[in-house]
Amino acid sequence: MMAKNNKTTEAKMSKKRAASEESDVEEDEDKLLSVDGLIDAEASESDEDDDEYESAVEEKESSSDKEAQDDSDDDSDAELNKLLAEEEGDEEEDYDSSEFSDDTTSLTDRLSGVKLQTIVDPNIYSKYADGSDRIIKPEINPVYDSDDSDAETQNTIGNIPLSAYDEMPHIGYDINGKRIMRPAKGSALDQLLDSIELPEGWTGLLDKNSGSSLNLTKEELELISKIQRNEQTDDSINPYEPLIDWFTRHEEVMPLTAVPEPKRRFVPSKNEAKRVMKIVRAIREGRIIPPKKLKEMKEKEKTENYQYDLWGDSTETNDHVMHLRAPKLPPPTNEESYNPPEEYLLSPEEKEAWENTEYSERERNFVPQKYSALRKVPGYGESIRERFERSLDLYLAPRVRKNKLNIDPNSLIPELPSPKDLRPFPIRCSTIYAGHKGKVRTLSIDPSGLWLATGSDDGTVRVWEILTGREVYRTTLIDDEENPDDHIECIEWNPDANNGILAVAVGENIHLIVPPIFGYDIENNGKTKIEDGFGYDTFGTVKKSNLEVNENGDGDEDGENESAKNAVKKQVAQWNKPSQKQLEKDICITISCKKTVKKLSWHRKGDYFVTVQPDSGNTSVLIHQVSKHLTQSPFKKSKGIIMDAKFHPFKPQLFVCSQRYVRIYDLSQQILVKKLLPGARWLSKIDIHPRGDNLIASSFDKRVLWHDLDLASTPYKTLRYHEKAVRSVNFHKKLPLFSSAADDGTIHVFHATVYDDMMKNPMIVPLKKLTGHKVINSLGVLDAIWHPREAWLFSAGADNTARLWTT
């Protein structure tokens with residue numbers, strides 16, 4: 001046995017020596033050959049993966065060698081003997097091969113026996129804790145289209161916020177239950193620098209897995225920049241790929257296939273016939289119901305099982321074209337309540353009067369009664385009668401359908417410019433001329449625009465300096481003891497600024513005054529012009545009135561009564577020299593008329609002025625000439641009560657305003673030119689636009705009427721905005737403004753643009769409502785007048801004051 005064991009040990013030793021010699025020979029050959037550049041075609045892994053794979057293979061081989069050694073120790077003697085016999089045979093073969101081997105073999109002969117091992121299975125095997133095999137697969141390299149939404153997160157805290165770990169050194173746990181420690185934070189200075197100079201890819205968010213700031217990678221930043229520049233995000237996509245013309249743009253002449261149509265396309269289909277017959281049988285048997293019949297069945301079922309919804313919304317049906325619905329009954333009022341307020345209950349006297357009234361004349365068919373509870377209310381006894389009368393009304397009374405006009409109210413309002421764009425115009429009261437003891441009925445402004453004259457019921461005429469409000473002149477023209485009923489009705493400056501004549505209408509007299517406020521030259525010119533008329537009779541001239549206006553406009557009466565025309569007429573007014581007492585009051589001349597003079601207006605040249613006496617009949621309108629001391633009555637008879645009269649601004653025309661009409665007369669041709677129909681009940685005053693083609697009129701029935709003389713005789717605009725009678729209307733001589741004053745104590749200022757284009761209508765824009773005068777005894781603003789040049793307005797009121805309104 002010992003010998004046997006020695007043999008086996010020697011055999012093993014020899015085998016080890018042979019293995020070591022072979023390994024040395026292989027190493028030398030590897031050094032000489034250096035086959036590092038040979039790569040297996042099937043191996044596609046990286047160098048690191050190959051190293052890991054080789055280490056794993058070596059571990060596996062070593063483990064298998066150990067297992068083989070353990071098993072060989074336990075083999076039986078027979079197996080050992082068999083192995084020894086095989087080893088001896090191998091040694092003999094090796095000895096024979098080595099003995100006859102030739103050292104001069106070529107390199108190619110040596111490489112021909114070399115075999116390269118290829119990796120077929122890319123998986124790496126390891127052991128689990130229980131000893132079973134564990135496959136470690138290589139890491140997956142994700143491509144662009146891959147999705148990592150289901151990837152496992154490193155931090156497994158779930159929905160717990162990171163703020164729960166603020167006081168702990170860790171931020172969560174991984175999948176193995178180990179703590180994930182909080183990353184180290186820099187100093188306060190580092191944090192400040194990081195907040196000032198933001199790092200590249202900064203988002204301001206925290207990474208839940210690591211607890212550090214979550215920054216964008218270069219690839220993500222590049223992707224965002226490409227999206228901002230509207231560029232292609234995937235480089236693998238070519239936006240300019242060559243066009244594949246699926247359908248040729250050239251029209252082919254010959255067909256692609258010229259196969260003739262088969263016969264089955266012209267023969268009725270048997271399959272379709274079977275399907276149609278199947279449907280027909282189903283309809284006959286009632287298994288298929290046509291839509292029309294099904295609809296009728298549903299309607300019939302609906303009518304049979306109809307249940308009225310008492311609380312449902314009422315559905316309106318479309319009426320016939322000729323059908324008119326009955327008007328709805330008015331809803332009940334408070335007096336029809338079972339518990340009405342006390343003021344709705346009738347007193348015994350009212351109840352007795354209601355019972356004595358005829359049924360058809362009663363305002364209501366019942367007497368309001370009060371009950372403590374609704375259950376105590378009896379039945380209404382007049383219900384049958386009311387229903388019967390309503391049926392009679394619906395049956396006998398005709399009804400007409402009135403179509404409602406769907407008009408937008410805003411479309412009816414004209415588009416007017418803003419008042420801010422139409423300045424200047426008066427907006428405030430700057431001066432109050434106080435001093436009169438009675439109502440200031442009239443006022444007038446000097447042509448130079450420096451002096452304001454006012455006339456009051458206290459019998460005085462005062463002249464004020466406009467800018468300072470100082471009274472510079474005063475004269476008393478009415479003696480209350482002699483003429484208690486007279487008033488200063490009208491006052492008007494001469495339009496010629498070189499004479500300073502002031503005409504004042506006091507009762508039946510007209511005084512021409514030259515106030516001593518202008519200086520010697522102007523005062524002398526005015527007095528000289530008045531005194532020149534006294535010498536008119538001295539030179540033998542005859543006072544004739546050759547002005548007679550034919551109101552009918554006919555030429556038939558021109559040849560009649562020529563002698564009567566040339567004859568001397570009876571004087572309608574008398575020019576009197578002033579007395580010594582009147583000279584002390586600066587009165588230069590007095591014109592005595594028959595009746596009270598209400599209105600006075602100068603001609604633009606300053607030689608003529610017209611007066612109105614409403615109660616004087618056919619001599620209501622008189623035209624006076626200062627240079628000749630001549631008074632003429634242009635009309636044979638009066639048509640209505642004359643309220644006002646004015647000259648045209650530049651034409652020889654006279655505007656005469658009666659209570660209801662405005663007539664325009666041509667003084668040169670002595671005919672009636674036009675008759676205006678304002679439509680008001682009682683006109684009070686008129687004024688003509690400086691251009692002469694428009695006229696405004698005021699009325700006591702609270703209206704202001706604008707007439708365009710180039711259009712119809714009816715008003716172009718009728719303005720109703722005053723609450724009481726309108727006393728005065730005036731145009732500005734230079735600016736596109738006009739005003740209206742009324743007894744409600746207000747003055748309305750308007751912008752009025754008159755265009756040169758005859759196709760354009762005047763534009764009227766309300767600007768300002770001026771309030772300041774007090775209403776006394778239902779009298780407010782009695783007169784108003786504009787400054788000759790500035791946008792200033794003067795007003796006279798019943799509160800004994802005159803006011804200046806400026807911008």
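Just so it is clear, glycine is given a Cβ too, placed from its N, Cα and C backbone atoms.
It should be emphasised that the depicted structure is a prediction, and the values quoted were computed from it without experimental measurement.
Check Swiss-Prot against the ranges 124-160, 383-419, 568-604 and you find region 'Required for interaction with YTM1' recorded for 383-419. Within its own chain, the repeat 'WD 3' (592-634) has Cβ neighbours under 8 Å at 486, 489-496, 499, 501, 503, 505, 507-510, 512, 529-530, 532-534, 536, 543, 545, 547-549, 569, 571-576, 641-647, 649-650, 654, 656, 665, 667, 670, 685, counting only residues six or more beyond its boundaries.
Ranked by Cβ pairs under 8 Å to the repeat 'WD 2' (483-523), the stretches 435-474, 637-675, 678-717, 721-760, 776-807 are led by 435-474. Through the fold, the repeat 'WD 5' (678-717) approaches residues 599, 643-644, 646, 648-651, 655, 657-662, 664, 723-731, 733-734, 738, 740, 742, 752, 754, 758, 761-762, 764 of its own chain, all at least 6 residues removed from its boundaries and within a Cβ separation under 8 Å. Residues 547-553, 598-599, 601-604, 608, 610-614, 616-621, 623, 681-692, 695, 697, 707, 709, 713 of the same chain, all 6+ positions outside the repeat 'WD 4' (637-675), place their C-beta atoms under 8 angstroms from a C-beta of that stretch. DSSP classifies Ser418 (phosphoserine) as coil under the three-state reduction. Model confidence over the repeat 'WD 4' (637-675) is summarised by a mean pLDDT of 93.
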